[in-house]
Amino acid sequence: MTNQDLLAVAREFGSPVYVYDAEKIAFQYNRLKNAFSEIKDLRIHYAVKALSNISILKYLNSLGSGMDTVSIQEVRLALEAGVAPKDIIYTPNGVSLEEIEQVVRLGVQINIDNLSILEQFGAKHPEVPVCIRINPHILAGGNSKISVGHVDSKFGISIHQMPLLLRIVENTGMTINGIHMHTGSDILDIEVFLRASEILFDSAKNFKNLEFLDFGSGFKVPYRENDIETDIEELGEKLTQRFENFCEEYGRELTLVFEPGKFLVSEAGKFLAKVNVIKQTTSTVFAGVDSGFNHLIRPMFYGSHHDIKNISNPDGKFRFYSVVGYICETDTFANNRRIAEITEGDILAFSNAGAYSFSMASNFNSRYRPTEVLWYNGKAHLIRERETFEDLLRHQKIVDLEAPAIKATK
Ligand SMILES: Cc1ncc(COP(=O)(O)O)c(C=O)c1O
């Protein structure tokens, strides 16, 4: 997508607007597949939470991707997009036994991450094969909010609880058909990944009926020019070797599963917002845009970096701007960034806006959630309309209320 394409999208659909490049999604999907091309049975399950627009799910499914889901609603979206139940895995955390049972009835593979539910589920449904999410006790991930495999994390069953886990499996007679881990997002060092994989292999040896090993995700994508990213090709080479050795030892070919979110969609997304106001204070020049952390929360929530370009004046002289939103709290997208000179009305393009961007958007300050557009075969396709005032009121009930009479006091 060129700057001209993006400007045309902003003109046609207004701002703010999310734009996703289908070609980039396909490129990333194939890159991952190629890195593991030696694996006989590789399954890529796209992590729906990253970007759950149904057209994106349909597109990924057309590339051959299955889906990784964390709620029954994500499962239903994947089914609605035409994904076969067998190609969906459900990895919830802290959900009720009832929800898990409903998902089983939809024919989807379940992944259980705590002993209490495992025991209850196994006692009631010993005939349903279950995947186990282990916690390998590895501290990995770009920041504390996205590090989920460490000892204090609420995710997964501790590897130190393996004897208890095995006792539950034996007592209930249930079948464990998969072992899963996901240690965090934005993992830089493939050695960390490989170390966690060794723990997964070790755990897997305890189960006789495995069909797959799910290595989760956490691949780091670049956020700036020349930024470091997970070396997927090197990981492919090293993990393939170890996986093959494990299968040989185990005595059977297993399926290798990944469930990437960011890797597939982060760089494919741009977020376009219009500059409403330039405000010069004694120390800072603010560029205030027609959006805020209600639409893109990652900078405020994770301190994440999104490159910002002025696509209306890309060749302008570079100046320093703090790019801020219109929300009634500190709402900073970027502090003192070098951006080509901005005039009110210009369109700014935020990079890495494909993952955890629209999917974390809200109506805070009673703003509408933005439009989403898929750039596919050289053309813009509307995949979600901007919300309207009616959407804000939908599901709200107006009750007849009378203010209580207030007695006058002296
Ligand atoms: C269980 C699980 N799998 C996969 C993912 C996707 O991770 P990423 O977007 O870093 O690829 C997540 C992210 O939160 C997750 O919790």
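Placement of Cβ uses the backbone N, Cα and C atoms for every residue, glycine included.
Together with Arg298, Tyr302, Glu329, TrEMBL lists one candidate of Tyr321, Tyr356 for binding substrate, that being Tyr356.
Here Tyr356 (pyridoxal 5'-phosphate binding site) comes close to Lys49, Ala50, Leu51, Gly261, Lys262, Arg298: these same-chain residues lie at least six apart in sequence, with C-beta atoms under 8 angstroms from its C-beta. Each residue in the domain 'Orn/DAP/Arg decarboxylase 2 N-terminal' (25-266) has a pLDDT score, and their mean in this model is 93. In this structure, of the recorded positions Lys49, Gly218, the smallest number of CB atoms within 10 A of the CB marks Lys49.
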